[in-house]
Each structure stands twice: as C-alpha cells, then as structure tokens.
Amino acid sequence: MRYPMSKLAYHRVLLKLSGEALMGSADYGIDPKVINRLAGEVIEAQNAGAELALVIGGGNIFRGAGLAAKGMDRVTGDHMGMLATIINALAMQDALEKLGTKVRVMSAIKINNVCEDFIRRRAIRHLEKSRITIFAAGTGNPFFTTDSGAALRAIEIGADLLLKATKVDGIYNKDPQKHCDAVKYSTLSYDEVISQNLEVMDTAAFALARDSNLPLRIFDIEQPGVLLRILHGEEIGTLVKERNSKS
C-alpha cells in the first residue's frame, strides 16, 4: 500500500550503507539474508511514497586506503574500491528487483555494459518515476570516500535528508562500546560536531553537507522498520543540521 506523500516528513532521501553492513556476521563479502532484509526495508519505505537513492560502500570486499598504507599505489587502490562498490550496487539491485521494484544503478565511472553513467537529470527522472536509484563508484575520483560520494549525490538530486546507516544508534560524546556513561545526542548543529571533534563522517563529506545545509541523520540500520519510521518523522538516532533549520 502506498501512503500519500503528505504523510511523510521526508519525500526524497539518500541512504548511505557501509559495505560492512552487507556482511552480517561474516568476515567478507555479502550475506544473502542481510541484503534481502535491507532490501525489504528499502521497499517498505518506497511503498510509503518516498523517492529513494542509495550509496553503498565497498569495505566488505576491498579497502583501497588500507592497502595503500601497506605500499599499494593509493590511486590504484581507490579505483579497485570503486569497483567493489559497483559489485555491492549490483547485488542490491538484484535483491530489490526480486521483490518486484524497478531499480537503476548509475556509476561515476564508465562501465556501460553493466550500469548507466551518472547523469544528474536522468537520476532525478528515475526518482520521479519511482525507480530506486543506486549510485556506485563514489565520486569517480580517488582520495574521496563513499561518504563524500553520498553527500555529493544527495545534494545533486535535491534530497531532503541524508541518512547514514551504522551499527550504533546515533552520535555519542564518546564511544558507547567502551564507556557505559556515554551520552547520546538527539540533535546537533554542524558547528557543535566540529567543535566537539565528533566522528560523524569524513571531513570532505561533512563539509559538503554543512555548506549545502543538508540535514544528516545517523541511525542504527539493524532495527526492524527503522527507515520507514524515520521517513514518517520519528526522532530516531541523531539529527545533524543547522540550528535555524526546520528539518
């Protein structure tokens, strides 16, 4: 059942998933049960009337920065990481299509026999036609993370909200896994994140979001139904925005 768009707090969103989110309890690769569950969450949100774009990291398959630290050429490593994100995008496309929805994968690097090139106007048209759109290969440039790619694409498509899915239910003043007295923030401004040196996403990605006044919500993707609840305005996780923003 599709609900009226007016019932949603956010109509067009970009969801950033880490590659590790696809692994489940495994040490490498993609757990079919996990990716199918995540696909179900995305479909549920789409059925509520949302326009959904996704960016998926590649860390479950390859981390270019890690091997660069051990001597591999950084540019080569980052290009390999981009290919890993395409693998994950195709896997998610397959999982979503098996649930009966239309999906497009758009890559920042040319791989035309596999997926479309990223063209901004075409991406927006896909979203307007209720096609879930997955952006792969980051920004297409080395030295930029998939967080930066997610922030950039969210701005380009005019997203109402950038969602960063993690295994922690928000932003804390210190690591909640190490400190039992860690305090969770419900809302933060961009300046507060910077002044408190809180780790939200990499600096380039955060600067893009801040400069474009793009609201960012950090949340735990492992909670069932959480994506739909956020789209309907529930205060889940931590929202980062300018203090004068109404989002």
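In case you wondered, yes, glycine gets a Cβ from its N, Cα and C as well.
Site annotation (Swiss-Prot): UMP is bound by Asp78, Thr139, Gly140, Asn141, Pro142, Phe143, Phe144, Thr145, Thr146, and the candidate from Gly58, Gly66, Gly100 recorded at this site is Gly58. Classification of Lys16 (ATP binding site) by DSSP places it within a strand.
Taking the Cα of Phe143 (UMP binding site) as the reference point, the closest of the binding-site residues Lys16, Ser18, Gly59, Thr166, Asp175 is Gly59.
Ranking the binding-site residues Thr139, Asn141, Thr145 by the distance of their Cα atoms from the Cα of Asp175 (ATP binding site) places Thr145 first. Proximity to Ser18 (ATP binding site), judged by a C-alpha distance within 10 Å, picks out Gly58 from the binding-site residues Gly58, Thr139, Thr145.
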